[in-house]
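S.K.: What follows is a structure written as structure tokens; I'll ask about it next.
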Amino acid sequence: MEASISLIGSTTKPNLSSLIIPSSSIVLHPRLPLPALRLKKVSVFPRISHRNRLIRAQCSDGLRPEEDDGFVLEDVPHLTTFLPDLPSYPNPLKESQAYAIVKRTFVSSEDVVAQNIVVQKGSKRGVHFRRAGPRERVYFRSDEVKACIVTCGGLCPGINTVIREIVCGLNNMYGVSNILGIQGGYKGFYSKNTMTLTPKVVNDIHKRGGTFLQTSRGGHDTAKIVDNIQDRGINQVVYIIGGDGTQKGAEKIYQEVERRGLQVAVSGIPKTIDNDIAVIDKSFGFDTAVEEAQRAINAAHVEVESVENGVGIVKLMGRYSGFIAMIATLANRDVDCCLIPESPFYLEGKGGLFEFVEQRLKENSHMVIVIAEGAGQDYVAQSMRASETKDASGNRLLLDVGLWLTQQIKDHFTNVRKMTINMKYIDPTYMIRAIPSNASDNVYCTLLAQSALHGAMAGYSGFTVGPVNSRHAYIPISRVTEVTNTVKLTDRMWARLLASTNQPSFLTGAGALQNVIDMETQDKIDNMKISSI
């Protein structure tokens, strides 16, 4: 039985010779083999967002199968989509001693990873992504590869490990020796700052914090960057390590490369210490950040235990997402209250923070508050009458909620409650960002780097990598930048935190709770729309 393609909602048979189909929009029937649906001779100029077209596999008789189990593949682009005559070569790993004993060296083109693994009887199979790993055929000759690596945005533990493993993986597994490091972020492409990277050069950089290649915010000029890629003869650009804004820039680079018809693979590696990247299980550096945050929380606890009415405040990273604060609190058990951007809080009145602080001081004579840097920003701005400003990446510049809360608590208990209170404020954010990654993150960074280079060598482009339900997958860049991963207040993990700290939820009344439920329901609806188009 042969597969044919039709546009859902279209009454006319499409002309495949001129049809514009983005590979990330393909929806497959599970009984049809994936290779049969590779559309190598389809025009992709200009690239159309996967929101605009939905393509579904049908049987050759034009009838949909009676049983549609809802299998969806969110595929990533391949160089052969716009370079159909691109030759392929046997993967050098066939000759690798390291992989000689591996039972199954290469990933099948039919291997996919499910986004949702908790299902009910009769539910749809849902969204899947291509499984990451080495392919039997590659689309670059090792001696012709000229790769480059760039790091952008803020610091995060593990960046140097990713750089090291990309360089060592390309060299040791694929025999690639021509690798450039772009210094200073995106602007380094057109300011001529480069360095040659070899396994010897990067040998011990994983033991250092920061980024060996230096970084910067902003500076993204797509045309200049791609011009420079062409001028340098780079054909495997780009291993782009960065957060949400950086990945959006990588998507633009891929689109421009595709528009020009260049044999350049663009691979993104998501980096954010806040763990706010959607789809993937977690971002690298997160485990290290949670572990290092324990030192600050423990220090605060020792300080406040040693004085009368001690109140310690520890500010942790978390611009829009409170994962570090939440998980660090759960791991520590000495924290009395955790405040995150997703959960509104208030100070005065019944059920407010002041009331809770006074209650804990009467019970224990001390307390520890952990607050994410993005928590209560509207509250702080209103109190300080500050206007909103943004950094070079377009991120909102945050006000120091830790200092503000410290002063508010001190003023309230000193001036209103007439109580002696000892405030201790600790801000370890830059210390945490700057340390090397721990053992767990080092292993994770290695898997990310190797998954990225396997995908690029196999001809995939415009993708990012990461674990989905503990299995590494290739994900369209647009999928990880469409929404921000945030703590869900209606999930059990936040309930576990509330049970651990016994803090108030600050959601007084049915109205406040319903607002949170409505917001999270809308997020789920938006995500379902994204997954279904």
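Every residue gets a Cβ built from N, Cα and C, even glycine.
Pasting the feature list from TrEMBL:
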type: DOMAIN; residues: 147-454; note: domain 'Phosphofructokinase'
type: BINDING; residues: G154, R217, G218, G243, D244, G245, T246; note: ATP binding site
type: BINDING; residues: D244; note: Mg(2+) binding site
type: SITE; residues: G245; note: site 'Important for substrate specificity'
type: BINDING; residues: T272, I273, D274, M317, G318, R319, E373, Y430, M431, I432, R433; note: substrate binding site
type: ACT_SITE; residues: D274; note: active site, proton acceptor
S.K.: State the count of C-beta atoms found within 10 angstroms of the C-beta of T246 (ATP binding site), not counting that atom itself.
M.R.: 28
S.K.: Can you give me the Cα-Cα distance between M431 (substrate binding site) and R217 (ATP binding site) in Å, rounded to a whole number?
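M.R.: Their Cα atoms are separated by 20 Å.
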S.K.: Considering each pair of residues in T272, I273, D274, M317, G318, R319, E373, Y430, M431, I432, R433, all listed as binding substrate, report the largest CA to CA distance in Å, no decimals.
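M.R.: About 17 Å separates the two most distant Cα atoms.
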S.K.: Hey, how far is E373 (substrate binding site) from G154 (ATP binding site), Cα to Cα, in Å?
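M.R.: About 15 Å separate the Cα atoms of these two residues.
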S.K.: Let me know the largest Cα to Cα distance in Å among the ATP-binding residues G154, R217, G218, G243, D244, G245, T246, as an integer.
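M.R.: Answer in Å: the longest Cα-Cα distance is 12.
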S.K.: Within the domain 'Phosphofructokinase' (147-454) only, compute the mean pLDDT.
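M.R.: Mean pLDDT across the domain 'Phosphofructokinase' (147-454) comes out at 93.
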S.K.: Indicate the candidate from D244, D274 with the smallest number of other Cβ atoms within 10 Å of its Cβ, considering only these binding-site residues.
M.R.: D244
S.K.: Could you work out which of the binding-site residues (G245, G318) has its C-beta surrounded by the smallest number of other C-beta atoms within 10 A?
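M.R.: So among G245, G318, the binding-site residues given, the one with the fewest Cβ atoms within 10 Å is G245.
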S.K.: Cα of G245 (ATP binding site) to Cα of T272 (substrate binding site): how many Å, rounded?
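M.R.: Rounded to the nearest whole number, the Cα-Cα distance is 11 Å.
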S.K.: Would you list, in sequence order, the binding-site residues among T272, D274, G318, R433 whose CA lies within 10 Å of the CA of D244 (ATP binding site)?
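M.R.: For D244 (ATP binding site), the binding-site residues whose Cα atoms are within 10 Å come to T272.
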